[in-house]
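Here's the structure, in structure tokens; my notes come after.
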Amino acid sequence: MSQSYGIKRVLMHVLLIVLCAVMAFPFYWMVTSGLKTNDEIWQTPPALWPAVPLWSNFVDAWQSANFERYILNSVTVACAIALIQVVNSGMMAYALTHMPFRLKGPLTAIVLVSYMVPTTAVYLPGYVVLSKLHLLDSYAGLILSNSVSVFSIFLIRQAFLQVSHELVEAGRIDGASHLRILWTIIVPLTRASFAVLVLITFIEQYNNYFWPMLITKNPDLQLVSAGLRSFFVEGGAYGLKWPLIMAASAFTIAPLLLLFLFTQKTIMQSVNFSAGVNKG
Amino acid sequence: MNGLRLGRELQALLFTLPAMVPLTVFWLFPIGYVFYLSLTSWDFMSEDKPFVGLDNYIALLQNPALYDSLKVTLLFVLGNVLPTLAGGLALAVLLNRKMRVGGAYRALLFSPWVTPTVAVSIVWSWIFEPEAGLANAVLRLFGAEGVGWLSDPDWALVGILLVTIWKGIGWAMVFYLVALRNVPGDILEAASIDGAGASRKFWQITLPLISPTTFFLTVVLVISSLQAYDQINIMTQGGPAGSTRTLLYLYYQSAFEAFNIGEASAVAVTLVAGCALLSLVSFTLSRKSVHY
């Protein structure tokens, strides 16, 4: 009994290790391909590890396009958006959960309906709106057009619903303003949800490609995905410089994998929250 | 209404403004605007937008590209949703036990989800390279012939699906892990005492009990499949021979490549209506048939 149990356990670990290896292999392949020479990368069958790892490829790739700028653009825009969403989702959710007012029902319904509309479908009219506001090709346009997320509002609303209304009442009796109650009492109690909001929003915006690409033509404003794509198509000339392209992909992905390494618990917890959002 | 009451109303409205203003400008207004645009003929440049009624919809219905793209969209949705659900559940069942390294397995399997689609699609383009790519090297290792992953109309969609599934399977797994943990142990125990085997317990107890999660994941995955763009743009641009041109890609091409704004808007309206219908159906169904 215990022996067959042990064998089963070992087999299961072997299976899991194989599965994990298959899932992680593209990352390994990206890095090793980035270390090969242009001749070596075309070898068949491909070598699992380069004869002489060419670390200089990473330096060359970094210098052959303005990656510093692209990554900085992505990080700045993503941080700004996450920060704005903390504020406007927090205030909106507070109004919807702890402030009685007549439009509460209609506003909740509007937010709920917009949750169902596919983002990508409004890109064309959104583009026209942005051009009318003279916000094309600007950081302001990149940030403002993404500054509200229905998902974030629902996420925070869900958390605020768990906070007892008596806390708010007590604060009011003590003479505290709604803003003060929100930021000094409610937000600290629901910080787990805000952590999820910040991380998910950051990841989403750092990775964002389609919309930022549509509304910016200036290469200096490109986010990292669009910058990498330009390098892939132009600088890399579609596959003539695969080692450099792989090296560039590696340092584009690295910041996110690092972020994930340190925050994996929170990010994977987000699942509990987003399941809750959909039930709300 | 007295002054105090009015002040309260105004204050609440003030709290909603930071979210409602951008939501209206960049979200609600564009939804209405795209309906209007779909009734006009416009080339993006000229001043006036002649009203043409339902002409764009009629032209769209007569466009064979619509039916091709609907077929691709359907294949993409099914080809993404079913394997992601089944694979995610299988991984979750494997990992649903106490293991010292369980966290490491989970994190590794989940990690593709956080990475930028553009960057990983470029990596997969290299893996799918027909001559020296890894995918064909593996096929040759097993004695099979290599295929033109992204250049053969029969295989291009498979290539794109593989990336999409690879990115989403760990994400689905995490949802299922939570669901499996919430299956009450005493029900399973009672079934064991009554002589039910492992597979019977899985099909007749666990699967029905986690159906809300399956349901939720299905809706989210269908909607995200309908919106898939990045991987198609990087790997095939809708080609070869339109074999990866989904409805969304058709929309993008008629809007930003052909500047046929009217017809593009009609596609967008179709997409919005499809998603709304889907949400409505799922909402009604989840009230009726899903076990909670």
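Keep in mind that glycine also has a Cβ here, set from the backbone N, Cα and C atoms.
Here TrEMBL flags B:70-282 as domain 'ABC transmembrane type-1'.
The transmembrane segment annotation in TrEMBL covers B:12-36 (among others). Counting same-chain residues at least six beyond the ends of the transmembrane segment (B:12-36), those with a Cβ under 8 angstroms from any Cβ of the stretch are 265, 268-269, 272.
Annotation source TrEMBL lists transmembrane segment at B:72-95 (among others). Beyond the transmembrane segment (B:72-95), the same-chain residues lying 6 or more positions past its ends with a Cβ under 8 Å from any Cβ of the stretch are 102, 105-106, 109, 157-158, 160-161, 164-165, 168-177, 179-180, 202, 210, 214, 217-218, 221-222, 225-226, 228, 242-248.
Residues 91, 133-135, 150, 159, 162-163, 166-171, 173-174, 230-231, 234-235 of the same chain lie 6 or more positions beyond the ends of the transmembrane segment (B:107-127) yet place their CB under 8 Å from a CB of it. Per TrEMBL, the feature transmembrane segment maps to B:107-127 (among others).
Marked as transmembrane segment by TrEMBL: B:155-178 (among others). Counting only same-chain residues 6+ beyond the ends of the transmembrane segment (B:155-178), those with a CB under 8 A from a CB of the stretch are 72, 75-76, 79-80, 83-85, 87-89, 91-93, 95-96, 106, 109-113, 115, 117, 120-121, 124, 128, 147-149, 210, 213, 216-217, 221, 224-225, 228, 231-232, 235-236, 239-240, 243-244.
TrEMBL lists B:209-229 (among others) with the feature transmembrane segment.
The feature transmembrane segment is assigned by TrEMBL to B:264-285 (among others).
Sequence-distant contacts of the transmembrane segment (B:209-229) (same chain, at least 6 residues past either end, Cβ-Cβ under 8 Å): 73, 76-77, 80-81, 84-85, 88-89, 160, 164, 168, 172, 175-176, 178-180, 182-183, 187, 246-249, 252, 271, 274-275, 278-279, 282, 285-286, 290-292.
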